[in-house]
Amino acid sequence: MALVTTAEVCDANPQLIVSGELRALQPIFQIYGRRQVFCGPVVTLKVFEDNVLVREFLEEKGNGRVLVVDGGGSQRCAILGGNPVVQAQNNGWAGIIVNGCVRDVDEINGCDIGVRALASHPMKASKKGIGEKHVPVMVGGTRIFDGEWIYADTDGVLVSKTELSV
């Protein structure tokens, strides 16, 4: 999706929007990281105020994927910080979308990766390792499934059932 914006994708695919195959997340996310435009296949994770599984995923090779984390929308602590984001960048992840908070914003903003989150929060998450991997998640008012595709830019975030070619 090199030079194609999310707005252009929407304009070019009204039939996919009507069918629900192309959905836009609600405009609730803050933009972090140096990569404001990113796309890739989705990997889903559901956690609540716990970041152990988030870190485990980001220690794996990303291969251009986007980690979508349903943190339950909690704004009581951060479930993603600078160290895991640096690791994600180094492991080839395209982006991370968090239905929750991040911290270490200056460090994250120095990384060549796309990050979207509700807000920043200085408190860290617990370390219990509780959560579910590769399950459908509800993020930004949209149900997102493992293996779908994310397209993000400064206009917003789209989810597609399949990889889009424009």
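Heads up, the Cβ atoms here are built off N, Cα and C, so glycines get one too.
Annotation source TrEMBL lists substrate binding site at Gly81, Gly82, Asn83, Pro84, Arg103.
Neighbour count (other Cβ atoms within 10 Å of the Cβ, all protein chains): 20 for Asp104 (Mg(2+) binding site). Among the features that TrEMBL reports, Mg(2+) binding site is placed at Asp104.
Within 8 Å of the centroid of the Cβ atoms of Gly81, Gly82, Asn83, Pro84, Arg103, where the record puts substrate, the same chain has further Cβ atoms from Ala78, Leu80, Val85, Val86, Val102, Asp104, Glu107, Ile108. Cα separation, Asp104 (Mg(2+) binding site) to Gly82 (substrate binding site), rounded: 5 Å.
Farthest C-alpha pair in the substrate-binding residues Gly81, Gly82, Asn83, Pro84, Arg103: 11 Å apart. Neighbour counts were taken at the CB atom with a 10 A radius for the binding-site residues Gly81, Gly82, Pro84; the maximum falls on Pro84.
When each of the binding-site residues Asn83, Arg103 is scored by how many other Cβ atoms sit within 10 Å of its Cβ, Asn83 comes out lowest.
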